[in-house]
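Q: As listed in Swiss-Prot for this protein:
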type	residues	note
BINDING	Tyr58	chlorophyll b 1 binding site
BINDING	Trp80, Ser86, Glu99, Arg219	chlorophyll a 1 binding site
BINDING	His102	chlorophyll a 2 binding site
BINDING	Arg104, Val153, Leu182	chlorophyll b 2 binding site
BINDING	Gln137, Leu147, Glu214	chlorophyll a 3 binding site
BINDING	Ser157, Glu173	chlorophyll b 3 binding site
BINDING	Gln165, Phe262	chlorophyll b 5 binding site
BINDING	Gln165, Arg176	chlorophyll b 4 binding site
BINDING	Lys213, Gln231	chlorophyll a 5 binding site
BINDING	Asn217	chlorophyll a 4 binding site
BINDING	His246, Ala255	chlorophyll a 6 binding site
MOD_RES	Arg35	N2-acetylarginine
MOD_RES	Thr37	phosphothreonine
TRANSIT	1-34	transit peptide
TRANSMEM	100-120	transmembrane segment
TRANSMEM	152-172	transmembrane segment
TRANSMEM	220-240	transmembrane segment
Amino acid sequence: MAATTMSLSSSSFAGKAVKNLPSSALIGDARVNMRKTAAKAKQVSSSSPWYGSDRVLYLGPLSGEPPSYLTGEFPGDYGWDTAGLSADPETFAKNRELEVIHCRWAMLGALGCVFPELLARNGVKFGEAGWFKAGSQIFSDGGLDYLGNPSLVHAQSLLAIWACQVVLMGAVEGYRIAGGPLGEIVDPLYPGGSFDPLGLAERPQAFAELKVKEIKNGRLAMFSMFGFFVQAIVTGKGPLEDLADHIADPVNNNAWLIATNFVPGK
């Protein structure tokens with residue numbers, strides 16, 4: 001590294017002398033440039049109808065001309081931004097990252113809300129299968145048992161759970177943002193580089209389609225989670241229990257009647 005730096009500082013490259021810079025500056029600039037180049041390289045053009053100027057828009061042929069800054073480069077871009085939230089590139093990059101991360105959490109959360117109820121309806125014993133009541137089991141005398149089995153995971157300390165969450169999630173987020181032990185950031189949002197166990201980035205066209213599927217399902221999951229929150233507040237039941245009640249008696253168990261008869265605090 002020292003020999004390389006000395007040769008660069010004392011010779012010319014492409015007819016222009018290279019300025020004498022400290023090795024730390026060269027290394028720092030190289031790291032930044034490598035990350036920027038890698039990030040740009042991940043934006044793969046696709047012949048898919050979900051990318052480019054001819055992509056599917058939010059109202060189809062009635063959508064009109066999308067804003068100039070929405071070029072169809074990223075997954076989930078339907079050319080709709082009436083509030084101008086994506087006009088500033090830095091704000092757009094930040095919001096895009098937040099949306100993708102929230103989409104993933106919402107998909108996991110929606111599965112976590114429905115799956116325990118589904119298992120409970122098929123004979124698996126839980127202390128509490130309702131997603132919004134399950135956490136309160138930690139305050140019971142017996143504590144919180146995973147899948148109702150104390151030999152799997154048994155928790156009685158809220159502080160211990162909080163500490164584990166902070167440590168584990170902090171490690172995962174740190175790995176995602178910093179690029180892991182190798183310090184390689186190809187794209188902090190998607191697999192690639194040092195972390196791509198399924199080899200998704202090796203198939204650019206298929207990977208581009210998967211990104212669209214992820215963002216579409218993630219947006220639906222965020223709406224689903226909002227619906228689960230409202231259901232829990234209004235009916236005090238989980239999503240599958242509410243669905244079963246509606247199927248059994250759709251006339252008296254529907255969103256309109258429940259909403260109009262809802263009294264906060266009762």
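First residue shown is number 1, and so on along the chain.
From the backbone N, Cα and C atoms, a Cβ is placed for every residue, glycine too.
Show me how these features fit into the shown structure, please.
A: The number of other Cβ atoms within 10 Å of the Cβ belonging to Tyr58 (chlorophyll b 1 binding site), over all protein chains shown, comes to 13.
According to DSSP, Ser86 (chlorophyll a 1 binding site) is assigned to coil rather than to any helix or strand. Take the CB of Ser86 (chlorophyll a 1 binding site) and look out to 10 A: across all protein chains shown you find 18 other CB atoms.
Taking the Cβ of His102 (chlorophyll a 2 binding site) as reference, residues of its chain lying under 8 Å away and at least six apart in sequence are, in sequence order, Gly218, Met222.
A C-beta separation below 8 Å, combined with a sequence spacing of at least six in one chain, links Val153 (chlorophyll b 2 binding site) to Leu144, Asp145, Tyr146.
Counted within 10 Å of its Cβ, the other Cβ atoms near Glu214 (chlorophyll a 3 binding site) come to 17, all protein chains included.
Within 10 Å of the Cβ of Ser157 (chlorophyll b 3 binding site) there are 12 other Cβ atoms, across all protein chains.
All protein chains shown were included, and the count of other CB atoms within 10 Å of the CB of Phe262 (chlorophyll b 5 binding site) stands at 12. Secondary structure at Phe262 (chlorophyll b 5 binding site), as computed by DSSP, is coil.
Contacts of Arg176 (chlorophyll b 4 binding site) defined by a Cβ separation under 8 A and a same-chain sequence distance of 6+ are given as Pro188, in order along the sequence. Mapped onto three states, the DSSP output places Arg176 (chlorophyll b 4 binding site) in helix.
Secondary structure from DSSP puts Gln231 (chlorophyll a 5 binding site) in a helix. Neighbours of Gln231 (chlorophyll a 5 binding site), defined as other CB atoms within 10 A of its CB across all chains, total 20.
When secondary structure is read from DSSP and collapsed to three states, Asn217 (chlorophyll a 4 binding site) falls in the helix class.
In the three-state DSSP classification, His246 (chlorophyll a 6 binding site) falls within a helix. In sequence order, Asn253, Asn254 make up the list of same-chain residues 6 or more apart from His246 (chlorophyll a 6 binding site) whose Cβ falls under 8 Å from its Cβ.
Within the chain carrying the transmembrane segment (100-120), a Cβ under 8 angstroms from the stretch's Cβ atoms is held by residues 126, 129-131, 134, 147, 189, 214-215, 217-219, 221-222, 224-225, 228, 238-241, all 6 or more beyond its ends.
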Q: In whole Å, how far is Gln231 (chlorophyll a 5 binding site) from Glu173 (chlorophyll b 3 binding site) when you measure between their Cα atoms?
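A: Checking the Cα atoms of Glu173 (chlorophyll b 3 binding site) and Gln231 (chlorophyll a 5 binding site) gives a distance of 31 Å.
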Q: Applying the rule Cβ within 8 Å of the centroid of the Cβ atoms of Trp80, Ser86, Glu99, Arg219, what extra residues of the same chain belong around the chlorophyll a 1 site?
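A: Apart from the listed residues, the neighbours are Gly76, Asp77, Tyr78, Asp81, Leu85, Asn95, Arg96.
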Q: Who sits close to Arg104 (chlorophyll b 2 binding site): which same-chain residues at least 6 apart have their Cβ under 8 Å from its Cβ?
A: Glu214, Gly218
Q: So of Lys213, Arg219, which of the binding-site residues has the fewest other Cβ atoms within 10 Å around its own Cβ?
A: Lys213
